[in-house]
Amino acid sequence: MSDPHGMQYGQIPAGPPLPVDYSVQPYPPGPPADPGLRPRTLSLAIVGMWIGAALVVVLAALGALFAEGLPAGSEAERAGRMIGLLVGLLLFGVMQLGLWIWMALAAAKAVAWARVVATVLGAIGIVMRLAFLVGDIVAITVDGVPDVMASHVVIEGTINAAFVVVAIAVLVLLWLPSTSAHYRAVAEAKRYRMAPS
């Protein structure tokens, strides 16, 4: 069937092209919104990281004091054990302290990879401190530590428990929605600054 002009229904009649409406073309994207101030959740996570670093120092100092109270043997044996323990504490403590400080500084800059690294390191730290805490509990309840070391084991266990609580709090704070939104905003602003003009 055809219309009165001889065209099939549904066909567009020949003629000049239709005008193009340029008003619907999108504008180029502008700069992303300013990430703004650091959210309170991220600030608290950073404070928690500094507290974790302080706990590492306290535990290392406590370990050094513990080395002084090791059971006596020959003077050479005691000196050898003490030097070995102190070197181990120093290396382990400095490494942990450095990691806590590094993650706190990276979190303050909202560096995206640092949140993932902090999560992995935090999980390892939590498992490690829980193992130490279980060892302290077993030492007190099952093994029956000497009175000289009992107070040390209780203090160390308390600090290990505090360490676990702080590390869990830091990890939760790092992944709350307000912290995640801030990390995304900072990453977007950085991508915009790095993009070629």
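A Cβ is built for glycine as well, from the same backbone N, Cα and C atoms used for every other residue.
Annotation comment: TrEMBL describes 44-67 (among others) as transmembrane segment. With a cut-off of 8 Å between Cβ atoms, the residues of this chain six or more beyond the transmembrane segment (44-67) that come close are 81-82, 85-86, 89-90, 92-93, 96-97, 100-101, 103-104, 107-108, 118, 125, 149, 152, 155-156, 159-160, 162-163, 166-167, 169-170, 173-174, 179.
Here TrEMBL flags 79-105 (among others) as transmembrane segment.
The list of residues near the transmembrane segment (112-134) in space but at least 6 beyond its ends in sequence, with Cβ under 8 angstroms from a Cβ of it, reads 49, 52, 96, 99, 103, 106, 156-157, 160-161, 163-164, 167-168, 170-171, 174-175, 183, 186-187. What TrEMBL records for 112-134 (among others) is transmembrane segment.
Summarising the annotation, TrEMBL assigns transmembrane segment to 154-176 (among others). Long-range contacts of the transmembrane segment (154-176) within its own chain (CB-CB distance under 8 A, at least 6 residues past either end) are made by residues 41-42, 44-45, 48-49, 51-52, 55, 58-59, 62, 66, 107, 115, 118-119, 122-123, 125-126, 129-130, 132-133, 136-137, 140.
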